[in-house]
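Inspection log for the structure reproduced underneath, given as structure tokens.
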Amino acid sequence: MVAPATVRGIDQAPTSHPKLLAWVREIAELTTPDRVVWADGSDEEWRRLTDELVEAGTLIRLNPEKKPNSFYARTDPTDVARVEERTYICSVDEADAGPTNNWMAPAEMKRTMTELYRGCMRGRTMYVIPFCMGPVEAEQPMFGVEITDSPYVVASMRIMTRMGAKILEAMGDDADFVHALHSIGAPLAPGQQDVSWPCNETKYISHFPETREIWSYGSGYGGNSLLGKKCYSLRIASVMGRDEGWLAEHMLILKITSPEGRVYHIAGAFPSACGKTNLAMLEPTIPGWKVETIGDDIAWMRFGPDGRLYAVNPEYGLFGVAPGTDWKTNANAMRTLDRGNSIFTNVALTDDGDIWWEGMGEPPAHLVDWKGNDWTPESDDLSSHANSRFCTPITQCPILAEDYYDPNGVPIDAILFGGRRRDTIPLVTEARDWVHGVYLGATLSSETTAAASGAVGVVRRDPMAMLPFIGYNAGDYFRHWIEMGKGTDGDESKLPRVYYVNWFRKDAEGSFLWPGFGENSRVLKWIVERIEGRADAVETPIGMVPAADALDVEGLDMTSEDIRIALKVDVNEWRDELPLVTEWFEKFGDKLPGVLWAELDALRARLDAEAQ
């Protein structure tokens with residue numbers, strides 16, 4: 001074994017934090033890199049890293065006139081998405097992982113992965129990345145340190161997190177931090193030629209909730225390697241929230257201002273590729289309304305001193321699905337990307353050094369596709385992978401709300417749950433109360449997408465859009481949501497109202513009934529007017545839906561019949577849904593809160609009464 005003192009840079013740490021120094025030394029001794037570098041987050045470091053990555057063939061520098069200071073990466077074709085089947089929650093007690101997670105005993109997983117890590121950084125540089133999720137000025141800053149052998153990860157973490165020397169300084173000598181260890185698992189023998197996207201066919205993304213550790217091996221893809229994102233901000237943070245009385249959620253946060261100048265904040269949980277980023281950056285189509293962005297993917301929510309639920313976005317960047325993002329669907333995202341300073345992965349490359357993906361208008365006559373092959377409009381395959389990504393600073397978003405920077409967050413007035421369903425689910429439904437809202441979230445369902453590897457188009461339950469991200473037993477997670485509703489000392493008026501939306505309902509011919517995108521502002525308007533007590537709703541067995549004339553559809557190319565079908569609660573479709581929900585709830589055994597069974601029974605009774 002190589003003694004740690006022989007690793008270049010190991011004794012040049014810019015910190016005296018004893019726990020951090022001991023951990024870095026331990027990992028260097030285990031993984032035997034050629035040298036250790038502490039990431040400082042500087043512009044000079046970004047230039048050096050991106051130059052090295054271009055020279056290695058991992059990145060291609062884009063046309064600076066089109067995308068200044070931006071780069072393009074192609075991954076190995078086997079390393080393109082989160083790998084849920086290789087993602088583990090290694091709680092001490094298997095019951096704490098629950099039926100929705102893969103589990104392995106922590107000691108066994110650490111034995112297995114320690115052997116994988118042994119010598120895995122040979123021939124490479126080990127980078128130490130101090131980072132903070134959320135504002136470092138927060139009352140309780142949420143620090144992490146990622147160790148990685150991937151310079152692509154270092155460059156991406158600079159976009160996605162607050163990181164570097166200023167974070168290390170803020171940590172001082174004794175701050176707690178989440179230990180996040182990552183390796184691509186591709187050691188280099190002396191003289192061995194590297195590949196442009198090194199990775200390993202053996203992959204593990206393991207979380208140790210009790211010790212707040214993340215160990216990732218074998219994948220360079222963002223969701224598996226940018227450990228501040230899903231791994232820390234959702235899986236580990238959800239456990240922290242359970243223990244400390246707050247929520248870590250897969251939610252956008254937006255600020256909406258009415259024509260009268262009244263301000264509201266809405267959080268929204270949607271499974272991947274269901275329009276979350278598009279909604280977060282909405283351009284309202286109705287006069288006088290204004291939307292600003294606070295976050296597009298993750299919300300941490302805590303009660304404030306006034307008893308209301310406040311949300312912060314812990315991220316510093318946007319890691320969005322590229323296909324389907326265009327000037328029609330999300331002009332603000334396109335404006336953000338045009339400002340540069342971004343990394344694009346697995347999209348297509350134009351002949352003039354720009355990027356392209358499906359949805360961006362007429363395809364060029366020639367592209368180089370995400371696999372590096374020539375592509376023309378006659379090609380059989382898509383030019384860009386369905387889960388291709390852009391990674392860009394959120395501070396470049398032209399409609400970023402100033403409140404984004406507030407370490408105390410913003411008070412949430414409404415929570416949306418939404419999935420992709422072609423039938424059954426109306427355009428918008430208001431929950432009767434908090435517990436009913438938890439029921440709606442717990443039974444959220446969507447047709448699967450390409451954001452995770454596996455079958456596409458299958459309806460699966462995705463509770464609170466958190467199925468792949470709950471770091472503990474989902475039954476306990478539902479209970480935690482219910483308990484959070486008691487945090488206002490009995491004053492439920494301080495809790496956010498809960499809504500279930502579905503932009504994707506289709507008519508008998510298979511066409512979308514609702515135009516979506518900017519027109520979704522019309523649904524937000526109805527929600528705001530409900531909060532203000534000004535909009536009418538009709539009580540149905542599943543909750544409150546807009547009255548026929550309550551939704552502002554002026555100027556829309558929709559018939560009254562289209563609107564009726566979009567809002568319809570079909571009793572037979574809902575009765576068909578009941579056994580599916582029953583089967584879902586049974587997965588959780590005695591961990592499922594009894595009040596959710598009671599909600600299901602009450603729904604069944606209301607449907608039966610309606611059918612008579």
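Please read every residue number as a count from 1 along the shown chain.
From the backbone N, Cα and C atoms, a Cβ is placed for every residue, glycine too.
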Review point. Need a hand: Swiss-Prot gives Y221, G222, G223, S272, N387, S388, R389 for substrate, which of R82, R530, R534 is also on that list?
Key: R82
Point to revise | Site-mate of A273, C274, G275, K276, T277, N278, R389, F517, G518, E519, N520 for GTP in Swiss-Prot, selected among R242, R308, R420, R421 | key: R420
Check your understanding: Swiss-Prot records K230, H250 as Mn(2+)-binding residues. Which of D176, D194, D296, D297 is assigned to the same site?
Key -> D297
Practice item. Check the binding-site residues S272, T277 for other C-beta atoms within 10 angstroms of each C-beta and report the one with the most. Key: T277
**Study point:** For GTP: widest Cα to Cα gap among A273, C274, G275, K276, T277, N278, R389, R420, F517, G518, E519, N520 in Å
**Key:** 25
**Study point:** Which of Y221, F517, the listed binding-site residues, has fewest other Cβ atoms within 10 Å
**Key:** F517
Point to revise | C274 (active site) and E519 (GTP binding site), Cα-Cα, nearest whole angstrom | key: 15
Point to revise | Neighbour tally for R82 (substrate binding site), based on other Cβ positions within 10 Å of its Cβ | key: 23
Exercise for review: Ten-angstrom check, please: count other Cβ atoms within 10 Å of the Cβ of R389 (substrate binding site), all chains counted.
Suggested key: 27
Check your understanding: Quick one: what's DSSP say for T277 (GTP binding site), helix, strand or coil?
Key -> helix
